[in-house]
Amino acid sequence: MSITPPFLLACIDLRGAELTATQLRATLPRGGADVEAVLPTVWPIVQAVAECGADAALEFGALFDGVRPPTVRVPDAALDAALAGLDPDVRDALQVMIERTRVVHADQRRTDVTTALGPGATVTERWVPVERVGLYVPGGNAVYPSSVVMNVVPAQTAGVDSLVVASPPQFTSGGRFHGLPHPTILAAARLLGVDEVWAVGGAQAVALLAYGGTDSDDCELAPVDMITGPGNIYVTAAKRLCRSRVGIDGEAGPTEIAILADHTADPAHVAADMISQAEHDEMAASVLVTPSTDLADATDAELAAQLRTTVHRKRVVAALGGRQSAIILVDDLEAGVKVVNLYAAEHLEIQTAEASRVASRIRCAGAIFVGPWAPVSLGDYCAGSNHVLPTAGFARHSGGLSVQTFLRGIHVVNYTKTALKDISGHVITLAKAEDLPAHGEAVRRRFAR
């Protein structure tokens, strides 16, 4: 295939190559953010907020964002006003998104299970929700009410008692946001029944969620037990630094899409889907894996054509031209499956003949979109699936945000005297084998008299 200006997408030809895991890890495109590099910058922010609370968080917000709200907590009146002023079409779409997401996540809720190992011997696994959760919703290039839905719905379904949404205060030359998070974010929170929203963003938001503090009006800002939600590299670094104090959902990097396609795919669809993810930011990854050189050439031409009318063209061109994006040529679909399993994309589309059969062979992906009528954009909004997904290859060992994220499994052990006596000899033997005699003695003494 040939790459023609102005398009800059790289071509990686793996035809005839030995597709070992080591070689693929070295060859496949992946940008990613160097979180380690910003830890020294973020650590003083976390320390300052841990020591000084809301005052420090607000000061950092004024320094980085140029706006300082009077209080961290958004007043109820502002939430009500945001919902009242929400465009009716947007409200209807959000309501549909919420309903569909609730339906899917309701089926994820685990039930307690009791296992009997003999008369009087049971182990019950109880699923208990995290008590208080902080949900981070970023600002930046776009407004993300969908992220409010995707974080809040599984937490509510899990039974989390206390939720707080944190999102950066917005500033415009006209001052129309008055130092509050974007009104669409506030409206989405209100639609979901969330009444605690903090006007704070960035690393300082993560630190304040982790350590808590006192607001400017002397109201308590209680710390959370877990923080979820995507953000930029500084947010990710702060989550890493705070994870010894709170649980986190993971470290989200730039968004990514991989498309495994053959000659049956429509190049216009493939190109549109690659552009749709590239418009997130300049570090977004768009990767096409195909055995068809005809599709590769046609997709390249479609990308060039569609870029002429793309609204965020500069951002998209930068993302598609970055080292994280490429068209990858493989010998056949068998090789393509091997490549995408190793790549472990956040979003993986299967646009091939017998797409469902091919999809059944995928073991590593944040989410899989099967066939020509399931674009990633559907999953971003109204499929019912969750769009908070592992990036940077983390799908090899982690899954996306779900109801389980907010649940803790607790084993409840219940044995009668007879049941313990029946197994006591094995307990004492194993304790002796591990040179932990007091363990065995704790059992033996119960039957000494």
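Our numbering is plain: 1 for the first residue shown, then up by one each step along the chain.
Here the Cβ of each residue, glycine as well, is placed from N, Cα and C on the backbone.
From the candidate list D218, D225, D300, D380, the residue Swiss-Prot records in the substrate site shared with T255, Q277, H280, H347, E434, H439 is D380. Classification of E434 (substrate binding site) by DSSP places it in coil, neither helical nor stranded. Under a cutoff of 8 A between CB atoms, and with a sequence separation of 6+ in the same chain, the neighbours of Q277 (substrate binding site) are T255, E256, I257, A284, A285, S286, A319, H347, V376. Considering only the recorded positions Y136, Q204, N232, E346, D380 (substrate binding site) has E346 as its nearest partner by CA-CA distance. Ranking the recorded positions E346, D380, E434 by how many other Cβ atoms lie within 10 angstroms of each Cβ puts E434 at the bottom. Y136 (NAD(+) binding site) sits 45 Å from E434 (substrate binding site), taking the C-alpha atoms as the reference points.
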